[in-house]
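Features as listed in Swiss-Prot:
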type: BINDING; residues: 18-21, 39-40, 47-52, ASN61, VAL94, CYS148, ASP293, 300-302; note: FAD binding site
type: DISULFID; residues: CYS145-CYS148; note: disulfide bond
type: SITE; residues: ALA169; note: site 'Important for activity'
type: SITE; residues: ARG188; note: site 'Important for activity'
Amino acid sequence: MEGSAGAPLRTRVCIIGSGPSAHTAAIYAARAELKPVLFEGWLANDIAAGGQLTTTTDVENFPGFPEGILGGELMDRCRAQSLRFGTSIISETVTAVDFSARPFRVASDSTTVLADAVVVATGAVARRLHFAGSDAYWNRGISACAVCDGAAPIFRNKPIAVIGGGDSAMEESNFLTKYGSHVYIIHRRNTFRASKIMQARALSNPKIQVFWDSEVVEAYGGEGGGPLAGVKVKNLVTGKISDLQVSGLFFAIGHEPATKFLGGQLELDADGYVATKPGSTHTSVKGVFAAGDVQDKKYRQAITAAGSGCMAALDAEHYLQEVGAQEGKAD
């Protein structure tokens, strides 16, 4: 990393993000001697450096940790490994980019980096609802990832509730019936917006019951400050409030990809995720790559994010080799 006081820093690869995809990209790029610079952000999207995993307690589905590992600890280890191989980490949030010409410009409020290649790995934030008790029982029975947390012992053979009405809500509700005694779907409207086939699967499942025209107004715990014990559900038509004793509540109301800072410089899909070429991490701008949940709205797992971070680093390395070869021929 080059640069004098007040001058832009110069690097081969700049990585934007701090989750599994960003740090895996950094590890691979650093080992390839590309001397990556990584902007990890400062409470970017209101989440600490490390991404969504820092909001998770036990991670039990990441290979290599048979006893599980705390989400924050896993990301601390990823960060340490990035540093070990020579990644320069800047604890600032990227506010602007310029991908119109090489070198690409990536800037926070106080630091500018010029890079020959960029990896965008800023993730996506699960949408959360806020009501009485929603923050107090977050990660204590309330979650936004059924695949990540649904198999936890606290949910097994216990009633579970899901909020949502789209395909993800239907899919997660069916998934949770493998573990919970039964699942309540709570939806604000009297019809689902999910595809017909996904609706049919959920509505035909004997372990699923739907609360139409309803919303959760309160979450509460057991005696002695225990985890989630139930929720109060209000019918928006009648005003009646029902008390559901559940051990789990899952938000399935979508995710918000962190792409606003891009300023329209990369092609996005209809849901705001960075569009990548099939089978690669290449974006609409040559030399700019995307990895992790910022381009993945299907899997959204730590392990798949890490895998795509590896892909992005390898794609960036190959791109730089090609550019170098072309420039050599031009000389």
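Just so you know, glycine gets a Cβ as well, placed from its N, Cα and C.
Here the binding-site residues are SER18, SER21, ASN61, and the one with the most other Cβ atoms within 10 Å of its Cβ is SER21. Sequence-distant neighbours of GLY50 (FAD binding site) (same chain, six or more apart, CB under 8 Å from its CB) are SER18, GLY19, GLU40, GLY71, GLY72, MET75, ASP76, CYS78, ARG79, listed in sequence order.
In sequence order, GLY19, PRO20, LEU53, VAL59, ASN61, PHE62, LEU74 are the residues of the chain that are 6 or more apart from ALA302 (FAD binding site) and have a CB within less than 8 Å of its CB. Here the Cα atom of SER21 (FAD binding site) is found 17 Å from that of CYS148 (disulfide bond). Of the recorded positions CYS148, ARG188, ASP293, ASP293 has the largest number of other Cβ atoms within 10 Å of its own Cβ.
Less than 8 angstroms from the CB of ALA169 (site 'Important for activity') sit VAL162, ILE163, ILE185, HIS187, PHE192, ALA194, ALA252, ILE253, each of them six or more residues away in the same chain. In the three-state DSSP scheme, CYS145 (disulfide bond) is classed as coil.
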